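Quick notes on the structure that follows.
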Amino acid sequence: MGIKGLSQVIADHAPSAIKVQEIKAFFGRKVAIDASMCLYQFLIAIRQDGSQMQSEDGETTSHLMGMFYRTIRMIDNGIKPVYVFDGKPPDMKSGELEKRTERRAEAEKALTEAKEKGDAKEAEKFERRLVKVTKQQNEEVKQLLGLMGIPVVEAPCEAEAQCANLVKAGKVYGTATEDMDALTFGSCVLLRHLLAPEAKKIPIKEFHLARVLEEMQLTKDQFIDLCILLGCDYCGTIRGIGPKKAVELIKQHKNIETVLENIDQTKYPPPADWPYKRARELFHEPEVMKCDEVELTWKDPDVEGIVKFMCGEKNFSEDRIRSAMVRMQKSRNAGTQGRIDSFFTVSSQVKCVTVAKRKAQEEAEKMKKGGKKSGPPKKKAK
């Protein structure tokens, strides 16, 4: 789920934090990609006849085709992708996982009813909801990426948190995912729709955390509390408080504790034993690999290994796979020049703290002046 309604909140309250980009804008960038999100997107991309791609043995291969060609498209555009895979879910996510299990059961029931009625459109809708990435599909994609020379990171817990950590350490430019909680975990840059199908021509949305905080006049702590009020994967929300009210309350009261002290809890009842403090801690200190333990190396692809795996084992067309590999090699060679602005790089970590540092300096100046606000310059008497 990520953070419920956060993208719209940012669009409403911090529009300058969002840039609409074409993929070529990221030439020379290293990008950490939420692999699980990608695989899910590839698997729900059902073909016109309502089926997924399969090998001769009846194995689903949509995930391999999607990963292979989308990765090559990124390399064509000078992007150096890093795929980050989910580890075990945090204990606090158990409630959200239970809800997902319930929704799957409801979707299975609805699918059966749609098939009995002969409603193909409804059946397709519920089939998409039942798609789940398997362990085997994860392993096959890791094998393919290894053969392509693309670095893979296996997060101990949430992929978005690990991606955010790589961004904060300056190892990559941004996090590519559809889940907005990458910002809550501290990713300075979030890219949505980077892996959207080229044919759909969906523009990439680039969110900048520093601009969000600056324009909304929030600290990082206040932003995390806002995200918890909006709705995250780790705890419930206060009934009756929507996005507009959540923003108002955080701006007025600064944190959830003070919000709870000042709202009418008969009108806005919080969940019983609401673990918002633990959710806050999880966003502040998620379980991630230390960045000095993560080595990102892009290697030459093993063309024959790819052909053996994709064509020999998974029945893809050898001509198409070899043609795509020729294209990939050309793009790799062309992409070695890098970005001009890399010669003038300020690390992502520095960019993220600039706003907070500037605010602290402004507060210090106010204290020196006795908290007085400077007004407009007085006109000189004629």
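The backbone N, Cα and C atoms fix where each Cβ goes, and this holds for glycine too.
Annotation source Swiss-Prot lists region 'N-domain' at 1-104.
Counting only same-chain residues at least 6 apart in sequence, those with a Cβ under 8 Å from the Cβ of Asp86 (Mg(2+) 1 binding site) are Ala35, Ser36, Ala155, Cys157, Glu158, Ala159. For Asp34, Asp86, Glu158, Glu160, the entry in Swiss-Prot reads Mg(2+) 1 binding site, with the evidence type sequence analysis.
The DNA binding site feature in Swiss-Prot is assigned to Arg47, Arg70, Glu158, Gly231, Asp233; the stated evidence is sequence analysis. Counting every protein chain shown, the number of other Cβ atoms lying within 10 Å of the Cβ of Arg70 (DNA binding site) is 20. In this structure, Arg70 (DNA binding site) is part of a helix by DSSP.
Among the features that Swiss-Prot reports, region 'I-domain' is placed at 122-253.
In three-state terms derived from DSSP, Asp233 (DNA binding site) belongs to neither a helical nor a strand segment and is classed as coil. Annotation source Swiss-Prot lists Mg(2+) 2 binding site at Asp179, Asp181, Asp233, citing sequence analysis.
Over the region 'Interaction with PCNA' (336-344) the predicted model carries a mean pLDDT of 50. The feature region 'Interaction with PCNA' is assigned by Swiss-Prot to 336-344.
Per Swiss-Prot, region 'Disordered' is recorded for 359-382.
The compositional bias 'Basic and acidic residues' annotation in Swiss-Prot covers 359-368.
Marked as compositional bias 'Basic residues' by Swiss-Prot: 369-382.
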Practice problem: Whole-number Å only: compute the distance from the Cα of Asp179 (Mg(2+) 2 binding site) to the Cα of Asp34 (Mg(2+) 1 binding site). | Solution: 9
Self-check item: Residue pair Glu160 (Mg(2+) 1 binding site), Gly231 (DNA binding site) - Cα distance, angstrom, rounded
Solution: 16
Practice problem: Over the span of the region 'I-domain' (122-253), count residues by DSSP class, listing helix, strand and coil in order. | Solution: 69 helix, 15 strand, 48 coil
Exercise. In whole Å, note down how far the CA of Asp34 (Mg(2+) 1 binding site) lies from the CA of Asp181 (Mg(2+) 2 binding site).
Key: 12
Self-check item: Distance, Arg70 (DNA binding site) to Asp34 (Mg(2+) 1 binding site) (CA atoms, angstrom)
Solution: 13
Quiz item: Out of these binding-site residues, Asp34, Glu158, which one has the fewest other C-beta atoms within 10 Å of its own C-beta?
Solution: Asp34
